[in-house]
Every structure is written in C-alpha cells, then in structure tokens.
Amino acid sequence: MTAHKPGDPTTLNRLYGRSKGKPLRAGQQDLVDTLLPQIAVPLDGEVTARRLFGFDRPLHFEIGFGGGEHMAARADMLPDHGFIGAEPFINGVAQALVHVAGDHGQHPPLGNVRIHHGDALEVLRRIPDGALAFVYLLHPDPWPKARHAKRRMMNDGPLDLIAAKLKPGGEFRFGTDHPIYLRHALMVMRRHRHQFEWLAKDARDFQVRPGGWPETRYEAKARAQGHEVWYFRWRRR
C-alpha cells in the first residue's frame, strides 16, 4: 500500500469547508427529522448489504453526492442494487431525501438508498474489502490552490481505500469540469495503475458522458457556464 503523506484525507479526522448553507425549508427539515433516521447508515460496526437492506445485493457507494440527483437516478435504474451515499453538507442531504421520498405518484419512494451525513471515508473504512461494485466521485471540491492539494479526495490514501473496497472488476467513476483537478487526478491515477485499468479507448470516451451516468446539478451548472466536462471510468484489477 502507498505510504501516505501527512495531511492526506485518510489521515485527517475532520472535514474542510461549510457543512450548512441556507436554512432548510419546512418540508426538507421534516425529512431530515423523520426519513433520515430510517435510512441512515449505522454510526458504528460493519457496513454490509445484508445489514443495510436485509439481504445481499450489489453495493454502490457515492462520495459526496451533492443534491443526490445521480444517486437517486442510479438507484431508480437499478432497483435490485443497494446505494450508499455520504455527504457532509446538510442541505445536500436534505435535497437527496426529497429524491428518496418520491412523490408517491409518478416517482415512488426509493427503498434501496442509505445515507450518511458526514465523512465518506469513515463509512468506507467500515465496508468489507471487496464488497463494492461501484464507487462514484463526481465533481468533488477541486481545492485549486497548490497548498490545498492534499485536501482533494483524489489522493493516494483515499484511492488505496477505494481499491480495497471495490471487488475485482468493480468500477470507479470520476467526473470533473476543473482542469487543475483533471491533471491532478490523472497524475494520481497513474500511480495506481497497478490497481485500476482505465476504460478509455479514445478521447471521446472521457469527453462524452457515458450511458447510465445521470447528470448532476453541478455538471449542468458547469455546462451552462461553458465549461468542458470530463468523465472517467476505471476498472479494479
């Protein structure tokens, strides 16, 4: 395993940045108070599909799900799979709960989603090795200043952890619209090519969003601002 530098995200027991923005709307606060306790990832002990959902099923893990659009859409596409999402920002958690709750009409509730309000790596450590089918890291905070590079989730420590938790043949997906983070990510992933196979045959494979990859609000915002967006898929060796 790679020796991790001091300050690597896996060595830090804290989160950077804000954890709350605008006050929650009444409906969102109600979901945080009532639905979140029902679908929250347990705060201790092993995190397995059987414990979360009552039986074994393919597991997906999203690191920092934002407003939950991608997680909810994937969960709707794959109702027999289980989805775990972690997000430190309570406003994002509240928005994800809206997606999970559905409207009891055209969009029924999603029973295959579990949410952790807090540090994704804390939960990831408690998942058994080789248990995950997919891990998603979509439009993470780029921390563009060089002195903050160690705060990026795309670093050696988190990648070793992701590699350990993915089953052989499992898939790691990464998306960004930030050129500095793009270069950083490719540099880091090159160091981990013994663990991951890059699933790209030509430039189009990372310049066009693949099928089965729902758009996030951050991606939509980036496109509206004229940014180029890049999509990466790696398979666990």
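Every residue, even glycine, has its Cβ placed from backbone N, Cα and C.
Sequence annotations record features per position, and here Swiss-Prot assigns region 'Disordered' to 1-24.
Following the DSSP three-state reduction, the secondary structure of Glu62 (S-adenosyl-L-methionine binding site) is strand. For Glu62 (S-adenosyl-L-methionine binding site), the same-chain residues 6+ apart in sequence whose C-beta sits under 8 angstroms from its C-beta are His70, Met71, Phe83, Ile84, Gly85, Ala86, Val135, Tyr136, Leu137, Leu138. The feature S-adenosyl-L-methionine binding site is assigned by Swiss-Prot to Glu62, Glu87, Asp119, Asp141, with sequence analysis given as support.
Secondary structure from DSSP puts Asp141 (S-adenosyl-L-methionine binding site) in coil. Look at Swiss-Prot and you will find Asp141 tagged as active site, backed by similarity to another entry.
What Swiss-Prot lists as substrate binding site is Lys145, Asp177, Thr216, Arg217, Tyr218, Glu219. In the shown protein chains, 15 other C-beta atoms lie within 10 A of the C-beta of Arg217 (substrate binding site).
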Check: Of the binding-site residues Glu87, Asp119, Asp141, which sits closest to Glu219 (substrate binding site) by Cα distance?
Finding: Asp141
Margin query: Taking every protein chain in this structure into account, which of the binding-site residues Glu87, Asp119, Asp141, Asp177, Glu219 has the most other Cβ atoms within 10 Å of its Cβ?
Written below: Glu87
Check: Can you name the residues of this chain that are 6 or more positions from Lys145 (substrate binding site) yet have a C-beta less than 8 Å from its C-beta?
Finding: none
Notebook entry, point to check: Quick one: what's DSSP say for Arg217 (substrate binding site), helix, strand or coil?
Noted result: helix
